[in-house]
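Contents: one structure, followed by commentary.
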Amino acid sequence: MREQLEALRDDAIKKIEQAQEKKVVQEIRVKYLGKKGPVTEVLRGMGKLSPEERPVIGQLANDVREAIGKAIESKMEALEQAEIHRKLQEETIDVTLPGRPVLKGGAHPLTATITEVEDLFIGLGFSVAEGPQIETDYYNFEALNLPKDHPARDMQDSFYFTDELLLRTQTSPVQARTMEKYKGKGPIKIICPGKVFRRDDDDATHSHQFMQIEGLYVDHGVRMSDLKGVLQAFAKSFFGEERSIRLRPSFFPFTEPSVEVDVSCGICHGDGCRFCKQTGWIEILGAGMVHPRVLEMSGFNPNEYSGFAFGMGVERLSMLKYGIDDIRHFYTNDRRFLAQFKRV
Ligand code: 2NL
């Protein structure tokens, strides 16, 4: 019996040592130490033994159980460790590999243009003012010296909700509202960016909805030379120090005198080329001295105060700066177009 038990132990331990999987070790445990296993079997036969042999064999059987159990335990531990080790090997992260690029967004070119213009004018002491896109006939036209049935209204046909409510055709109503709020006391220095609407047929250079930035400076003794200086600073900052501006006489109902402002052509620098239609100049905005009637209607005494105002199309500025050939690119949101402005 002693030999039987010792053979069983050696056999089991050999098998345990050879096992490569936890599952196999479990099976060995069941096979050798289970209720129907050989060790139990041997113990059952103890009845036949003499009283002197019984405790000796009983002790040995327990030792064999313990030895097999210990072997199983340490093997399981070893397999567990090996598995962890293998996992660590397989699942290591190579921190030296280049990372996946993070997709970065960017401002829409119109937003970038507005931000740039805002920053410049804020630097000159202006504040940014905003107002409603649905306006009254009074603020959009009347307060800007465009009475009902005035022929100049034809240039800015709009979308009407009622006879009195319409989509604003310019951001000047924001300026008229601001002047009213100041109750005849200056100074006022604001720029008003925003969406405007006109009844227009869309093509490469026209859109029924576009963005505008208007500016207004009202104070004692504001002069045309102030307007020219501010616009020159703007043009040089926005288009480049080497560019110059010129003012041409023009007409707007809300300014007197009125001018159209050109910037020197960035392609030929004034010599004349196809881009500037051989003129050497490119029109960028309209401006003028605020009409005395406009000051008066908004509560400012035109004998005490004077002011200048200007208005420019954001799409046009952006197209000139970035060489965009079709205004519709701004609205179709093609990523091939937009992705070019990531760093703007
Ligand atoms: C253009 C250029 C302009 C103004 C806008 C303005 C606003 C007030 C008073 C006087 Cl509150 N003027 N804005 C002035 C000149 C030109 O826009 O091409 N507009 C059709």
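From the backbone N, Cα and C atoms, a Cβ is placed for every residue, glycine too.
Please treat TrEMBL annotations as automatic predictions, because they have not gone through curation.
Between the stretches 2-29, 30-57, 170-197, TrEMBL puts its coiled coil entry on 2-29. Here the coiled coil (2-29) has Cβ contacts under 8 Å with residues 38-39, 42, 57, 60-61, 64, 67-68, 71-72, 75-76, 79-80 of the same chain, all six or more residues outside its ends. The Cβ of GLU256 (Mg(2+) binding site) has 15 other Cβ atoms within 10 Å, all protein chains considered.
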